[in-house]
Structure formats: structure tokens, C-alpha cells
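Reviewing the structure listed below.
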Amino acid sequence: MESEQLFHRGYYRNSYNSITSASSDEELLDGAGVIMDFQTSEDDNLLDGDTAVGTHYTMTNGGSINSSTHLLDLLDEPIPGVGTYDDFHTIDWVREKCKDRERHRRINSKKKESAWEMTKSLYDAWSGWLVVTLTGLASGALAGLIDIAADWMTDLKEGICLSALWYNHEQCCWGSNETTFEERDKCPQWKTWAELIIGQAEGPGSYIMNYIMYIFWALSFAFLAVSLVKVFAPYACGSGIPEIKTILSGFIIRGYLGKWTLMIKTITLVLAVASGLSLGKEGPLVHVACCCGNIFSYLFPKYSTNEAKKREVLSAASAAGVSVAFGAPIGGVLFSLEEVSYYFPLKTLWRSFFAALVAAFVLRSINPFGNSRLVLFYVEYHTPWYLFELFPFILLGVFGGLWGAFFIRANIAWCRRRKSTKFGKYPVLEVIIVAAITAVIAFPNPYTRLNTSELIKELFTDCGPLESSSLCDYRNDMNASKIVDDIPDRPAGVGVYSAIWQLCLALIFKIIMTVFTFGIKVPSGLFIPSMAIGAIAGRIVGIAVEQLAYYHHDWFIFKEWCEVGADCITPGLYAMVGAAACLGGVTRMTVSLVVIVFELTGGLEYIVPLMAAVMTSKWVGDAFGREGIYEAHIRLNGYPFLDAKEEFTHTTLAADVMRPRRNDPPLAVLTQDNMTVDDIENMINETSYNGFPVIMSKESQRLVGFALRRDLTIAIESARKKQEGIVGSSRVCFAQHTPSLPAESPRPLKLRSILDMSPFTVTDHTPMEIVVDIFRKLGLRQCLVTHNGIVLGIITKKNILEHLEQLKQHVEPLAPPWHYNKKRYPPSYGPDGKPRPRINNVQLNSIDEEREETEEEVRLLSSTTL
């Protein structure tokens with residue numbers, strides 16, 4: 001859904017009166033929202049929740065709160081809605097933490113008054129463990145349900161079990177006494193569609209009928225999935241991890257973690273996986289788990305009324321999601337810490353661990369794969385790895401890094417083209433076309449026809465005496481002089497060479513289709529397709545090294561380890577290492593990925609090869625660009641996310657980034673006791689800013705505090721309804737003491753309680769490196785820029801993102817130019833000794849000529865360096 005559609009459906013807030021935000025899933029933004037373009041007002045508004053149409057720069061509402069003063073202490077009665085946030089706004093982390101500390105102090109002060117207060121205190125203390133327990137239980141149950149349903153619907157494309165319709169192919173033949181070892185997947189109870197429709201099990205007619213039915217079911221599942229997403233929950237599409245990262249950084253996207261999104265994503269995820277598209281269910285399972293965490297957090301006031309505390313629950317939920325997706329509880333905790341969480345205190349680490357434990361326990365109890373394991377492709381290798389194998393492992397890491405860099409660039413280019421062309425306006429048609437192409441090409445090749453998880457399982461599996469796969473079609477060599485293992489290295493047979501060609505075609509098919517599939521309007525994960533690509537490449541390399549060691553065992557690299565008849569090369573291990581390398585190249589994960597893979601496969605002995613391949617893939621991928629796929633999609637969609645991994649190495653100052661700038665409207669400010677209700681309402685209606693600095697008077701311009709647009713609106717409306725004598729001409733007072741007014745004056749309105757008395761401020765000469773660190777580590781929404789106590793401007797998170805984007809596109813001088821040390825702003829008093837006249841605005845007009853002169857010098861200097 002494109003950006004203009006957002007505003008037609010009510011996201012483009014134009015609101016003095018519109019202070020409530022829609023939360024129904026029918027009104028939600030499509031997951032692939034708006035391309036980041038800092039020249040358009042639409043993207044500006046999406047980034048920081050602008051509230052009015054126009055070309056002005058927007059400002060994030062917010063401001064910190066004094067830790068020693070509660071937000072509502074000075075109110076006679078709390079005003080409902082004050083301190084809350086609109087949709088597509090950023091939370092104030094400092095303010096939320098102060099609210100939580102005040103709540104905690106209040107509970108502790110009352111717990112000794114009575115047994116009831118002590119019970120409430122205990123309930124509050126245990127509520128965090130209760131909510132993560134419920135989240136783990138729900139995540140494990142939903143993951144088991146999704147796994148069972150996806151397996152059954154995937155097999156439905158090929159046939160049906162007549163004895164029990166709810167059995168998949170494998171379960172249908174478990175109890176049959178008529179199966180053979182060579183044809184263990186064939187039994188009388190399982191009927192293909194050709195047998196049911198035309199009565200033929202073999203022959204061209206049977207093949208064509210099965211081909212047609214395969215395409216029919218694939219298109220049906222894909223159409224149903226995209227239709228449900230489009231009609232009921234647009235947020236249910238995609239992976240969900242980029243949006244989860246943005247939400248955990250403090251952004252508000254109402255409905256993205258709601259009940260409708262949870263329900264539709266659970267259903268459509270099964271349909272999308274069963275359709276055979278080149279996608280996985282692991283990434284969306286993180287979204288599903290976070291939906292569970294968000295829903296359960298509303299049962300506990302500790303989390304429902306505090307956005308920062310709620311994000312601690314979501315961090316634990318994301319760990320539970322990875323735990324059930326891969327059967328890797330510890331890897332899930334590390335994934336939450338390394339990849340998605342923005343704020344991760346030690347208490348959240350413990351609760352994430354517990355949530356992952358509960359989720360894994362529930363999934364193990366359900367046993368969806370029937371192998372008493374948490375995952376489908378658990379393998380055990382019996383041969384150790386040797387030192388010379390590090391070279392092919394590192395080559396697989398290089399391949400993974402190259403694949404990751406190629407995929408990120410190609411997929412982002414395609415998604416950007418989708419947004420900018422008419423093709424993106426027809427998401428249902430796009431999904432149908434991609435599903436049709438996938439089904440038509442996938443059916444003839446047995447490795448692409450397989451479910452992707454089944455394919456990875458077959459590629460990971462080592463060849464044993466009970467394996468009948470063509471990948472294990474080796475010729476038995478009876479001339480081996482020494483048998484070291486039950487199954488020594490053997491020459492490849494016809495089946496192995498045929499399988500290699502089919503795997504090469506499958507590799508090309510997976511690479512191309514994954515680029516076009518990730519980002520379409522159905523639930524689509526990237527973990528499994530990336531692992532499949534790496535597993536295919538790794539298995540091919542493993543077979544090549546195995547045959548090389550067999551035919552040239554006298555080479556010096558093999559001579560010391562590989563004796564004749566010894567089993568020294570395990571091709572399945574190469575598939576596992578390749579899978580980790582390709583997934584690392586796409587996501588740029590390191591520690592959590594290694595832990596996930598060895599938990600996933602049980603290959604604890606092979607941590608060193610995994611580490612070598614994953615680090616190599618990261619280094620190679622970083623050489624082409626430091627962004628992983630999730631960060632790239634965050635930037636593509638224009639979400640306000642400051643990546644903590646990105647370093648700021650430029651020499652700009654706060655004065656270069658703050659707003660207002662040249663040709664901008666002056667900074668709108670409020671005075672602490674000289675404005676009326678009508679004046680404030682007019683300023684709210686005429687401007688688009690989400691907050692206003694409050695100054696002492698028109699003469700002094702000294703900073704007093706910061707007032708949020710939303711809080712002003714709510715407080716004025718509440719005062720008109722509940723307080724007598726509040727009219728448009730009533731004086732608004734932000735000061736502690738009300739000034740003396742004439743007797744005939746209407747009753748003043750005191751709003752000091754909604755004023756942030758300690759907003760974060762920096763001077764105009766503060767380096768932007770420090771400002772960016774403050775925003776990242778404190779989670780600020782905005783920061784005021786002052787000069788000798790005089791308010792000059794404001795810096796929001798959106799302004800910093802603008803600045804970072806501009807610096808990426810221009811070469812900055814290596815050393816600060818001379819004008820950085822020059823006095824930038826005039827004194828607050830004129831040459832006649834009187835204060836400069838300013839009417840509710842901070843005037844910077846006298847700087848324009850100097851700024852034009854200095855910016856021209858920077859432009860000339862930049863052009864010479866190029």
C-alpha cells in the first residue's frame with residue numbers, strides 16, 4: 001500500500017480535534033510502507049508522526065521528564081490520555097522509565113499498609129514472569145499448530161490419505177504393512193490425484209494430471225493467503241522482523257501486534273508455506289510470538305500503561321519466537337539480544353531465557369514432526385572435521401557473503417521498483433504470478449518440488465546404510481584395503497551425478513525466486529530459503545571434496561588424514577556450514593546464528609567450522625555494504641530507526657542539523673504566562689509541530705520547558721469540559737505561580753503539570769557525534785538547541801536520519817572548515833542594549849547571509865575533493 005493511500009485512510013493526522021488513533025486492523029498500513037525520501041512531506045510525516053499537511057519540517061513530540069517529579073503530581077485529577085502516544089510516533093524512553101520508577105515507589109510505599117496492598121505488590125513483582133510464561137505457552141502452541149497444518153497442506157498438493165484425511169503422506173504410511181524399503185513413501189492408503197481422478201498411477205497421463213493439480217493447489221493457497229491479508233490484516237504480510245526492530249526501538253505502529261494480525265498471520269503463514277513459494281515460516285513466527293506478548297501485556301497494568309516496559313515483554317517474545325522456529329532456546333535469546341532488541345537489561349535477559357524455555361517445552365510436548373525433536377532436520381555426524389577442510393569452509397563463507405550482498409541489492413531494487421510502478425498496486429496479481437512461475441518450474445525437479453525444510457533435511461543428512469536418496473547412490477568399492485568406518489568414502493554413482501545437476505538447477509531457481517518472493521504481500525520468512533541455498537551449494541562442494549579425497553588420497557593435503565577406505569569427508573557437514581554462511585551473509589548475524597545452527601542440527605563439535613564460515617560471510621558481505629536485509633528494509637520503508645551498529649564519523653555540529661533552517665518557518669514557541677487558550681489553539685491548528693518549547697517571555701526568550709502538542713490538546717479539551725470559567729480568552733499559565741490578573745479577567749488555565757521542566761538541551765556547538773550517541777543511548781525523541789540559554793532550534797530523530805542520509809550521498813571534508821569555530825549566532829541583546837524583538841518565535845534571520853557564505857565554501861571544498 002503506497003504512502004498516499006495511508007493518508008486517504010486516516011493516517012495523515014490533521015488534528016487539533018483528532019487526538020485518538022485508529023487501532024482496527026482494517027485501517028492499517030501495509031508492511032512495505034513508504035520509501036524514505038526526505039524531500040516529500042508525506043515521508044516526513046510518517047517518520048515522526050506529522051499532524052498536518054504542508055511542506056514544513058515536522059518535529060517529534062516529546063521531551064524528558066524530571067526524575068524527581070511525577071508527570072501528574074500537580075494535577076488535582078489525572079487527565080486521561082496525557083502521556084500517551086499517537087500512531088506512528090516515537091515513545092519517550094526517559095519519560096516512560098520515570099513513570100515506571102514512580103509507580104514502583106508508590107507501590108513500595110503502600111505495601112506495608114495492609115495485606116491487600118502487599119498482595120498487589122507481589123502481583124506486580126510477578127507480573128513480568130507471568131506475562132512471559134503466557135507468551136511462551138501461546139508461542140509454542142501456535143508454532144506446533146502451524147508446523148502440523150503446513151506439513152499436511154504441503155502434501156495435499158500431491159495427494160490425500162483415504163484412511164485418515166488429516167494425515168500427511170508420512171503419517172499415512174506409518175501403519176501400512178505393504179510398504180517396501182525402496183519405496184517407503186508408497187502405500188495403498190495414500191492416493192495421488194492422478195489415481196483418484198483418472199485411475200492411473202504411472203505414465204504420461206498420470207504425470208500431467210499430478211502436474212496440473214500441483215499448480216492448482218499452489219495457486220489456490222497463494223490466492224487465499226494474499227486475499228486474507230489484503231482484506232483483514234495488511235500488517236500480516238512480510239517477515240515482520242524489520243517492523244519488530246523498529247517497534248522495539250520505540251516506534252508506535254498500532255495494530256501491528258494486534259489480535260487480527262495474529263489470527264490472519266497464523267492462517268496465511270500455513271497457506272503461504274504450503275503454496276510452495278520460496279519462503280519460510282521462521283521469521284513470521286517471531287512476529288506471531290510478539291503478537292502474543294503484546295496481547296498478554298494488556299492483562300497487566302504494569303505493561304499496558306507503559307510503552308517502555310511493554311517492549312521488554314516484546315524482546316522476550318522475540319526470543320520465544322526463534323526458540324520455536326528453530327528449536328533453539330539459547331539461540332533465540334542471543335537473537336533477541338544481537339538482532340532485534342534496542343533496550344535489553346539483565347532482567348529482560350532472564351525473562352527472555354524463561355520465555356524461550358517455556359515455548360520450547362510446549363513445542364516438544366506437541367512433537368509436530370514425530371521425531372521427538374524440536375526441529376525437522378536434526379542430524380548427528382560421526383566423523384570429525386579435519387584441518388584441511390577449513391579451506392572449503394571458508395570458500396563457502398565467501399559464497400555466503402557474495403550471495404548476501406547480491407540478494408540485498410537485488411531485493412531492495414525490486415521492492416523499490418514495486419513501490420514506484422503500477423505493478424505494486426496489484427499485490428494479488430503479483431502473488432499469483434510468482435506462485436504460478438514457482439509451481440511450473442518447481443514440479444519437474446524433485447529437489448524444488450520438496451518442501452524447503454524437507455530439502456534441507458535431505459541435504460544435511462549423512463549417507464548411511466538406510467538411506468535410499470539419489471544423493472547416496474555410491475558404488476561399492478570392494479578393493480578397499482582398510483575399513484575404518486561402516487561406510488567409507490566411495491566413488492559416486494550415476495544417481496549422485498544426476499542429483500548434482502538437479503541441485504545446480506535448484507540452486508539457480510532458488511536464488512532467482514527468493515529475490516522476487518521476499519517482500520510480496522503474504523507472510524514470508526527469509527531464514528529457510530537462505531539456508532536452502534547455502535545447503536545446496538555446501539552439499540555440492542562436499543561431494544566434490546569427497547570425490548577429490550577418494551581419487552587423490554595420496555595428495556599431501558589428504559595423505560595425513562584420509563587413508564584408503566576411510567570415511568573422512570562428510571558432505572552433509574558442508575551443507576550445514578553453507579546454510580549458516582548464506583544466512584549470515586543475508587542477515588549479518590554472527591554469535592546468535594552459530595548457536596542457532598548447532599542447536600538446530602546438534603552439531604556441537606562443528607562450532608569452529610561454523611564460526612569460520614559465518615565470520616567470513618560477514619566480512620565479505622560488509623565489504624559491499626554494512627546493512628543486513630532487515631536494516632535495508634527498515635530504510636526502504638522509512639522507519640525512524642537509529643542503528644546502534646552504525647558509526648558516526650563526521651565533523652558536523654548541532655547547529656548544522658537543527659531546525660529551523662534557512663527558508664523554514666521560524667521555531668514556534670509558547671510563553672509561560674502571556675498566552676491565551678485561543679492563542680495556543682491557533683498555534684496548534686496553524687502549525688504541524690508535535691511539541692513546543694516554552695520560554696519565559698517575549699523579551700528574555702529563556703527556556704522554561706517543553707510541552708507536547710497532544711498533551712496540550714487533551715488538557716485544553718478536558719479543562720473546557722470539567723472546569724467552569726475556561727474560555728478562549730483565559731490566560732494559560734505554565735509558571736508555578738499565577739500572575740496577578742484584573743478582576744474581570746476569566747479564570748486562568750494552569751498547565752504546568754503537563755510541562756516537561758527538564759528537556760534535554762545541547763549547545764549549538766555540540767558535535768553531532770555526541771548528539772547521535774545521546775539519541776541512541778537514551779532513546780530521545782527530540783533535543784533542544786540553545787545558545788547562552790536562548791532557544792535556537794530543535795533536533796528530532798527524523799532530522800538525524802535526514803542528516804545521516806545526506807552525509808552518505810556527499811563527501812565531507814576530512815578536517816572541519818574554518819567557519820565551524822566562528823561565532824554562529826548573534827547575542828540575545830542588540831547593539832542598543834535592548835533585547836531583540838521576537839513575537840512567539842525565535843528569529844534567526846541575521847544568520848542567513850553567513851550561512852549562505854559558509855555553505856558555498858563547503859560546497860566548493862567538497863567538489864574539489866571529489
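Even glycines carry a Cβ here, placed using N, Cα and C.
Note that the structure is predicted; figures quoted are calculated from it, not measured.
If you check TrEMBL, you get these features:
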type     : residues : note
DOMAIN   : 658-722  : domain 'CBS'
DOMAIN   : 755-814  : domain 'CBS'
REGION   : 818-840  : region 'Disordered'
TRANSMEM : 126-150  : transmembrane segment
TRANSMEM : 214-236  : transmembrane segment
TRANSMEM : 256-277  : transmembrane segment
TRANSMEM : 284-301  : transmembrane segment
TRANSMEM : 313-337  : transmembrane segment
TRANSMEM : 386-408  : transmembrane segment
TRANSMEM : 428-447  : transmembrane segment
TRANSMEM : 499-520  : transmembrane segment
TRANSMEM : 532-553  : transmembrane segment
TRANSMEM : 573-598  : transmembrane segment
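Long-range neighbours of the transmembrane segment (256-277) within the same chain, counting only residues 6 or more positions beyond its ends whose Cβ lies under 8 Å from a Cβ of the stretch, are 23-25, 28, 142, 145-146, 149-150, 153-154, 156-157, 217-219, 221-222, 224-226, 228-229, 232-233, 235-236, 240, 243, 247, 284-285, 287-288, 290-295, 314, 434-435, 438-439, 442, 449, 451, 513, 517, 520, 522-524. Across all of the domain 'CBS' (658-722), the predicted model scores a mean pLDDT of 86. DSSP assignment over the domain 'CBS' (658-722) gives 24 helix, 19 strand, 22 coil. Same-chain residues lying 6 or more positions outside the transmembrane segment (313-337) and placing a CB less than 8 Å from one of its CB atoms are 128, 131-132, 135-136, 139-140, 143-144, 244, 247-248, 257, 281-283, 285-290, 292-294, 296-297, 303, 343-344, 348-349, 351-360, 362-363, 373-375, 378, 527, 589, 591-593, 595-597, 599-600. The DSSP breakdown of the domain 'CBS' (755-814) into helical (H, G, I), extended (E, B) and coil residues amounts to 24 helix, 18 strand, 18 coil. Within its own chain, the transmembrane segment (386-408) is flanked in space by residues 511, 514-515, 530, 533-534, 537-538, 541-542, 545, 557-558, 561-562, 568-569, 574, 577-578, 580-588, 609, 612-625, 627-629, 632, which lie at least six positions past its ends and keep a Cβ under 8 Å from the stretch.
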